[in-house]
Every structure is written in C-alpha cells, then in structure tokens.
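If you check TrEMBL, you get these features:
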type: DOMAIN; residues: 120-269; note: domain 'Alpha/beta hydrolase fold-3'
type: ACT_SITE; residues: Ser198; note: active site
type: DOMAIN; residues: 311-385; note: domain 'Alpha/beta hydrolase fold-3'
type: ACT_SITE; residues: Asp352; note: active site
type: ACT_SITE; residues: His382; note: active site
Amino acid sequence: MALPAAAVLLLLLLLALLLPLAVLVLGTVLLGLPSYDIPAGVNQPAKLRLVLAVLLGTAALGRILEKTGLCSQITFGRYVRQGRRLRVDPKLFIQDLQFNKVPVRVYQPKATSHGRRRGILFFHGGGWVFGSLDTYEKVCRYLSRESESVVVSVQYRLAPEHKYPAAYEDCLNATLHFMRNTDLYGVDPTRISVCGDSAGGNLAAAVSQTLAGRADLPRLRAQILIYPGLQALDFNLPSYHQNRGVPLLFRERAAFFALQYLNGDASHMQEVLKGSHIPPDMRQKYRKWVSPDNIPEEFKVRGVKALNPSDFMAEVYETVKRFCEPNLCPLLAEDAVVHQLPESFILTCEYDVLRDDGLLYKKRLEDNGVQVTWCHLEDGFHGIISLYDYGGLSFPSGKRGLDSVVNFLKGL
C-alpha cells in the first residue's frame with residue numbers, strides 16, 4: 001500500500017535531519033576522521049554543524065574512493081570545492097589572464113573613476129592544497145565592487161603536486177608583473193596591496209617581506225592577512241589546543257597541510273604535532289617570537305597547555321628543516337625585514353587554531369613600528385569569510401569580517 005503524501009514528506013524530512021548526523025558518525029567513528037567540537041559561542045552553531053557534515057561527508061567519500069583506487073581523496077576534495085563561475089556582474093569587468101605564466105582573474109569596476117584605482121593581489125586559502133579562482137569568485141567580486149578596487153586573484157600551483165616554494169614563487173611573480181604593468185589596469189602603483197586568507201595570508205606575508213626594501217619597485221601600500229598561518233614550529237600554542245576540534249580547520253589538519261606544502265609527505269605529522277621536529281637550541285632561538293608568553297592573557301582563559309616537546313628527532317628535522325625559512329613561516333623573519341613592512345591589517349577569529357599566529361605577528365609588527373589595524377571576530381571560526389554569502393548557510397560574522405577588510409581598503 002502506498003504511503004500517504006504527508007507520511008512521505010515527514011519521512012523525507014526525518015532523513016534530511018538525520019543525514020548530517022549519520023555523516024558525522026561515519027566520518028568520526030568508522031573512518032577515523034578528527035573528532036569535532038562546536039563551541040557555544042561560535043557564530044550560527046547549527047549552521048556550522050551542517051557545513052561540517054558536508055565537509056566530513058566529502059572527506060569520508062573521498063577516503064572510500066581513494067581506497068578503491070578510483071581517485072585520491074585530495075582530487076575528490078578539489079572537485080567538490082571547485083565552485084562554479086557566476087553570472088555576469090553588471091558592475092565589473094572580469095577577465096582571465098596570465099601574469100608571468102601564472103593564471104589570474106582580474107576584476108575591474110566599470111564605474112568611472114576620477115583617478116587611478118587601488119590594486120589588490122588576492123591569494124586564496126585552502127591549505128596550499130585546495131582552492132581555485134572559482135572558489136573565491138564571490139569574495140573577490142565583493143572586494144572589487146565594495147572597495148572600488150582592481151582585484152587580481154592568483155591561481156598558484158597547489159601541493160602536494162607542487163611543493164614549496166612553488167605557491168610562493170607564483171604569487172611573487174604575479175605580483176611583480178602587476179606592479180610593473182599598472183598602466184594597463186588604471187592602477188596607482190603606490191596603492192597596491194597584497195591580501196590573502198589562511199594559506200593565502202601566509203603567501204601574502206611572505207611576498208610582502210620579499211618586496212620590503214626593494215628600491216626598484218614602489219613600496220606596497222599594505223598587507224591584509226585574514227586568519228593567516230605563519231609558523232610551523234609550535235602546534236601547541238593556546239589556540240591550537242582550545243580549538244583543536246573546531247571546524248573548519250582542525251589542529252591535525254593544520255599540520256597536515258603544512259607538511260603537504262613543504263614536501264608532499266605528512267608521514268611525520270604526529271612528531272610535528274608533538275614538537276619533536278625542532279632542535280632545542282633552535283626552539284630557544286625563536287622563543288622570543290613564538291611563545292605563549294607573547295599572547296595577551298585574555299586569550300588564555302579557555303586553557304593553556306604548556307609545550308613539553310617529545311625528545312628531539314634529528315631524522316624528522318632533516319625532512320622539515322625548511323620550516324625555519326621565513327618564505328614558508330613569515331613569523332620567523334628577522335626584525336630588519338619586519339621593520340620595513342607596510343601598513344598591515346590582520347583578522348583573527350576566536351575559535352580558530354591559527355588565532356595565535358595572527359596575534360604573535362601583530363605583536364611583532366607593532367614592536368617594529370608597523371601600523372596595524374586588527375579585527376578580531378569573537379564568534380568567528382576558521383574559513384568564515386568564505387561563507388559570508390553561502391545561501392541558507394551564510395554566516396553574518398563572515399560578512400562583518402569581510403566588511404572590515406573593505407573599510408580598511410577604503411582608507412588606503
């Protein structure tokens with residue numbers, strides 16, 4: 001006997017409600033994916049739980065596909081995250097080009113400008129492994145429209161196929177090309193900024209340091225770092241433990257991505273998480289910059305776990321010693337370089353493992369006389385900017401964060 005229409009509708013509704021829970025159970029229990037935590041103070045916790053269900057479901061299915069030999073988990077993840085081209089924007093000219101053989105997408109406001117516009121190089125996030133021009137299409141369109149700027153989104157090469165320093169080199173080469181050809185885009189060469197989120201924030205900081213003090217180029221106007229990852233020496237800072245299970249970036253995944261970018265091999269992830277990958281003398285050398293002591297006390301109230309590194313393992317250090325290079329970990333740059341950096345904007349989120357990286361870099365910049373505008377989203381989590389306009393799963397705090405970037409740009 002056929003079920004009544006109302007019963008069918010109720011059954012479908014129950015399935016829709018239970019599916020996210022089933023995905024979470026599958027991902028965390030059956031496939032051994034990281035356990036998760038949705039803090040009470042996070043923005044839109046119910047929505048975040050649904051987003052997490054989709055991500056864990058993607059990871060679970062990707063792992064199954066990898067085990068069957070159909071495709072790698074990373075390849076499947078890229079396919080799911082790749083996004084799609086949006087409709088024509090009536091307020092923007094958008095074109096795909098190549099800068100020094102690096103694919104870019106250029107966004108130019110159509111409105112008449114009374115002078116040359118500011119220019120923004122945007123480097124997307126995704127752990128150096130995921131992300132594309134299409135993934136960040138909405139964010140770049142918004143930045144261009146609302147700040148009336150020319151935005152250049154850079155498609156750098158991804159790990160693990162292309163290891164460090166490929167992504168950094170692509171971002172640097174695209175930036176150099178743009179800075180030398182500003183006339184073609186109506187951009188004021190003295191008003192160019194680099195901007196990026198997460199791994200893109202890392203790349204923006206590295207490019208900014210490389211260009212600091214260059215006499216043959218105009219000085220960058222600003223660097224805009226949105227929840228950047230800036231070091232890989234210490235994965236036991238307060239934010240790494242406070243937020244170790246908070247999406248969208250778990251503590252283990254932060255180390256995994258850094259290792260994929262470095263050498264395409266995350267086999268020493270547990271040693272890196274424990275801190276046994278850095279020699280004691282080197283850890284002591286960088287303690288003046290990478291230490292919980294430099295983090296304001298209000299960010300320790302949710303708990304601090306003192307780092308007691310496992311015994312140093314020289315064989316692991318040999319595989320990861322480039323973690324001490326500033327082009328990979330900008331927080332380790334010498335003061336002589338930091339002192340020359342341009343005006344900076346840093347956005348951090350309370351419920352983000354990378355929060356303390358941003359706080360430590362903010363202190364380093366300010367200690368070296370660099371002007372810093374800081375935006376802290378007290379209910380924010382890693383990746384929230386990308387979800388500012390995500391249909392029914394949009395996060396208002398992400399919009400507030402993106403608007404803070406726009407307001408900073410308007411003042412340049």
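Using the three backbone atoms N, Cα and C, a Cβ is placed for every residue, glycine included.
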Rounded inter-Cα distance in Å - Ser198 (active site), His382 (active site): 8
Chain-internal residues near Asp352 (active site), provided their CB is under 8 angstroms and they sit 6+ positions away: Tyr227, Ser239, Asn243, Val246, Leu249, Gly380, Phe381, His382
DSSP residue counts for the domain 'Alpha/beta hydrolase fold-3' (120-269), split into helix, strand and coil: 62 helix, 25 strand, 63 coil
Fewest Cβ neighbours within 10 Å, where candidates are the active-site residues Ser198, His382: His382
Mean per-residue pLDDT computed across the domain 'Alpha/beta hydrolase fold-3' (311-385): 98
